[in-house]
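Presented below is the structure to which this report refers.
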Amino acid sequence: MKSRPSRREPGAAPSHGARPVVHADLSPYPYSRRQPAPARAPSWLAAWSPAVWLAVMVCAVLLAGAPHAARAAGTPMIPALQSLINSATASSAAAGSAPEAASAPTPASQAELTHSLDNVISTLDNDRQRTALVTQLKKLRDVSQTVGPVAPAQPQPSPGLLGAIASGIASVETDVSNGRTPLRYWAGRFNAAGNEFYTIVASQGRESFGRVLLDLFAMLAGWGACAGGLIYVQKRMYARFGIVNELKPNPTTRELLIFALRRVGPWIVAFVAALLFARAMPVALGRTLGMVITYAIVAGAVFSSICLIMFSLFGSGHRRVAVGLLLAHGRRLLFVIGICSALGDAAVNYDVAHQLGSNLAALVSTAANMTAALLTGYFALAFRRPIAHLIRNRSYEQRHGHKAATDAFDVLASMWHLPMLMLAAVSVIATIAGIGTSENVLQISVLTALLLVLAFFMSAIVLRITRPGDQRRRRRSPYVSRLLRFFGTLMVLFIWLAFLEFAARLWDISIAEFVEESVTARGIAHAVMAIITTVFVAWLIWILIDTAILDALNPTSPRTKGRNPSTRARTMLPLVRNALLVSILTIAGIVTAANLGINVTPLLAGAGVIGLAIGFGAQSLVTDLITGLFIIIEDTISVGDWIDVDGGHAGTVEHLTIRTVRLRDGQGAIHAIPFSQIKIVKNLSRDFAYAVFEVRVPFTADVDQVTRLIREVGAELMADFRYRREMLGSVEVWGLDRFEPNWMVVKGQIKTRPLQQWSVARAFNLRLKRKMDDAGIEIPVPQMRVYTSTKDEAGTEIPQEEVQAPMHAQGGGHASAASAASPGSAASMGPVAAPRDVSHAPRPAPPSTGETAPVAPQIPTAGEAGKT
């Protein structure tokens with residue numbers, strides 16, 4: 001950072017009279033550090049220093065000559081000088097190499113110095129040796145021109161942002177250790193101001209302290225008496241003419257203006273009269289201080305009155321409550337703020353500073369300005385909601401007729417207190433840090449606050465343009481919407497960078513110049529810009545990729561709105577999106593870490609080792625990843641497919657990751673299956689499907705008639721609009737497929753779309769059942785024939801009345817039964833055999849007529865239980 005000379009406080013003048021002049025170093029502490037006085041050399045060194053420097057110069061001249069010239073002249077040379085000459089010649093031949101002896105030579109002893117001086121004197125006395133000396137001096141000049149001075153090595157800053165920050169912290173620590181702190185700066189200011197105040201109190205100036213106090217109180221009393229007289233006359237006139245000087249609960253602007261003039265007018269007139277009187281009298285410190293105090297009081301009253309009048313301009317409609325709060329509770333606070341601001345402005349006046357003392361006047365001005373700034377911040381926090389209500393609350397016509405202005409006022413209402421708080425904070429910080437002078441800190445703070453308001457407004461406008469509402473966003477392309485958001489954020493960043501630069505220039509600091517001149521600042525700036533650039537480039541790449549993928553999955557643009565993404569796209573694109581997101585974040589993180597000054601090479605090597613360890617330790621995971629990658633690339637499984645994998649898992653594919661597949665079965669349960677466990681996949685959702693049917697008809701049915709009925713049902717399905725789009729062809733009847741023990745089987749199929757075979761088969765079965773019922777063809781069901789014998793085990797005939805009735809199998813059927821049983825036989829105890837489903841196991845054909853079938857174990861029925 002460039003150093004700058006310390007500046008005196010503007011308006012400061014040397015004190016007059018016998019008052020001692022005390023000057024303080026009021027420049028900012030980083031530039032006003034006093035250099036320590038150099039150490040005094042010993043007396044003998046001071047006496048001998050001319051001779052020593054003369055001897056050194058002569059020796060250098062002698063050493064510059066070439067050895068050949070010395071031999072030709074026959075001049076004896078000192079060995080030390082000869083070695084010095086040789087080193088100088090070697091340095092000239094080294095083509096700019098750094099000299100080996102960078103430090104000063106060790107001082108010679110007294111005897112060596114005397115001997116050297118004797119040799120120099122003898123050389124100068126001889127004409128021939130003097131001529132050779134001149135020749136050697138010329139050669140030394142040439143050598144000195146050839147070998148230039150070595151530039152001091154610049155300290156290399158640590159790479160990256162963290163290294164630059166560390167260098168900055170080290171620089172601050174160095175400044176603190178050297179005593180360049182705000183504490184020292186303010187100690188100097190208070191010391192100088194205290195000396196000037198002591199000069200006034202101790203009556204060491206032109207006027208005694210008693211005379212100063214007398215003039216001060218006399219001026220204040222005269223001003224008060226004049227104002228009191230005017231107020232008395234005013235009240236008598238009001239009483240004489242019946243004028244009421246009271247303020248109504250909800251005053252108008254005119255009433256408030258008249259009330260303020262009536263209250264403040266006498267004090268202003270009295271101040272003008274006191275000012276004219278003070279100018280007519282000789283210059284005195286007491287009267288000057290009295291005028292400063294009266295000026296501050298009057299200015300505070302005028303300031304509070306103006307603010308209240310401005311607030312009353314908004315006192316209509318729903319704003320009356322807010323205006324009432326400001327009038328009732330903000331008047332005194334505004335009055336004190338006005339007093340402090342006026343006192344800070346008056347204290348740095350040339351006449352005041354000349355009489356009071358430049359340092360004391362500057363300290364009073366600084367204290368008043370800091371108090372005004374702190375009270376302004378308190379006012380912004382205390383009355384944030386009432387003033388925001390005044391700004392935001394507008395009429396219905398204005399809100400709906402000027403929506404852009406309404407949005408701008410909403411932004412201003414929500415953030416109006418931020419510039420005020422920043423004004424207060426910047427004023428206090430700049431004053432404490434010693435930036436700027438005491439009389440312009442408040443003015444610069446006001447300009448900074450105005451720049452902040454401008455930056456907020458420009459940012460709000462840019463954000464409103466680049467972030468439209470939902471309706472406008474739906475009408476735009478997703479690329480346009482997201483790119484507008486990106487460039488809007490970039491413009492907001494540039495706006496705030498420009499605000500920082502302009503605000504810094506107001507405080508006599510340029511960020512750009514500081515970056516150019518400071519190695520640490522340059523490193524920090526380069527690292528920050530590299531990080532910001534990395535973030536924005538990564539964001540832009542992600543916007544382009546993510547928008548393309550989302551637009552492919554959910555087409556919204558006019559050109560792609562009618563296109564539906566394929567199943568393969570819905571499967572692959574989410575995986576590609578996640579992989580690209582991880583890649584972009586990883587690369588951006590590595591670049592950011594490198595710009596921060598972190599050595600990423602060990603991190604990458606460690607990540608590789610960890611990856612190998614994970615690969616060997618989690619082989620099943622690697623198997624899942626590789627298998628899943630090939631399954632996804634080969635498009636074996638897609639989202640929405642109905643698959644049946646080995647292990648009894650079947651259902652609809654709901655989600656695919658690079659490691660697992662999620663299925664939802666018919667009962668709603670989720671099956672998460674790793675790809676490594678999938679050996680065989682049965683996919684029912686590809687290209688087409690077949691609804692295969694088997695029609696059971698009795699042996700007595702006409703097969704041609706059944707085939708005709710099946711074809712009629714297929715024609716009806718093709719004519720039905722609900723199933724026409726699901727069927728890819730007409731019904732194919734293969735004919736009589738096989739014979740079963742109780743029926744015949746007619747088989748066929750219907751070609752349908754994937755996953756629609758079950759709905760088509762259900763509709764086909766319903767219509768075929770109705771057709772067969774109308775045609776009188778009964779659909780057979782599993783049956784069982786029961787045969788009974790009329791003889792017992794011994795072969796004796798059983799009486800006819802004891803023969804049981806034929807028993808039919810469960811479920812009905814066409815079979816008849818004949819039974820003959822004797823008491824005590826197995827047949828008399830119940831049914832001969834239990835019903836049997838012929839569809840599960842084959843059963844032999846019934847025996848021929850006259851034969852008796854073997855009797856199976858019988859189970860008694862409920863009706864026969866009473867007979868036994």
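Every residue gets a Cβ built from N, Cα and C, even glycine.
Note that this is a predicted model, so its numbers are computed, not measured.
Under the heading compositional bias 'Basic and acidic residues', TrEMBL lists 1-10.
Per TrEMBL, compositional bias 'Low complexity' is recorded for 815-835.
Annotation source TrEMBL lists domain 'Mechanosensitive ion channel transmembrane helices 2/3' at 579-619.
The domain 'Mechanosensitive ion channel MscS' annotation in TrEMBL covers 621-686.
The feature region 'Disordered' is assigned by TrEMBL to 1-21 (among others).
The region 'Disordered' annotation in TrEMBL covers 808-868 (among others).
According to TrEMBL, the feature transmembrane segment maps to 43-66 (among others).
Taken from TrEMBL, the feature transmembrane segment applies to 212-233 (among others). Long-range neighbours of the transmembrane segment (212-233) within the same chain, counting only residues 6 or more positions beyond its ends whose Cβ lies under 8 Å from a Cβ of the stretch, are 200, 265-267, 269-271, 273-274, 277-278, 284-287, 289-291, 293-294.
If you look up TrEMBL, you'll see 264-285 (among others) marked as transmembrane segment.
Under the heading transmembrane segment, TrEMBL lists 291-313 (among others).
The transmembrane segment annotation in TrEMBL covers 333-350 (among others). Outside the transmembrane segment (333-350) by six or more residues, the chain places 9-11, 13, 292, 295-297, 299-304, 307-308, 356, 361-362, 364-369, 371-372, 375-376, 378-379, 382, 438-439, 442 with a CB less than 8 A from a CB of the stretch.
The transmembrane segment annotation in TrEMBL covers 362-383 (among others).
Outside the transmembrane segment (404-435) by six or more residues, the chain places 27-29, 182, 185-186, 366, 369-370, 373-374, 376-377, 379-381, 384, 387-389, 391-392, 394, 398, 441-442, 444-446, 448-450, 452-453, 456-457, 460-461, 464, 507-509 with a CB less than 8 A from a CB of the stretch. Look at TrEMBL and you will find 404-435 (among others) tagged as transmembrane segment.
For 441-463 (among others), the entry in TrEMBL reads transmembrane segment.
Residues 448, 451-452, 454-455, 458-459, 462-463, 465-468, 510-512, 532, 536, 539-540, 543 of the same chain sit 6 or more residues outside the transmembrane segment (483-504) yet have a Cβ under 8 Å from a Cβ within it. The transmembrane segment annotation in TrEMBL covers 483-504 (among others).
Per TrEMBL, the feature transmembrane segment maps to 524-554 (among others).
Within the same chain, residues 200, 205, 207, 211-212, 215, 219, 222-224, 226-227, 230-231, 234, 291, 294-295, 297-298, 301-302, 305, 351, 355-356 sit at least 6 positions outside the transmembrane segment (264-285) and bring their C-beta atoms closer than 8 Å to a C-beta of that stretch. Listed as Cβ neighbours of the transmembrane segment (604-633) (distance under 8 Å, sequence separation of 6 or more from its ends, same chain) are residues 571-572, 575, 590, 656-661, 674-676, 678. Taken together, the residues of the domain 'Mechanosensitive ion channel MscS' (621-686) have an average pLDDT of 84.
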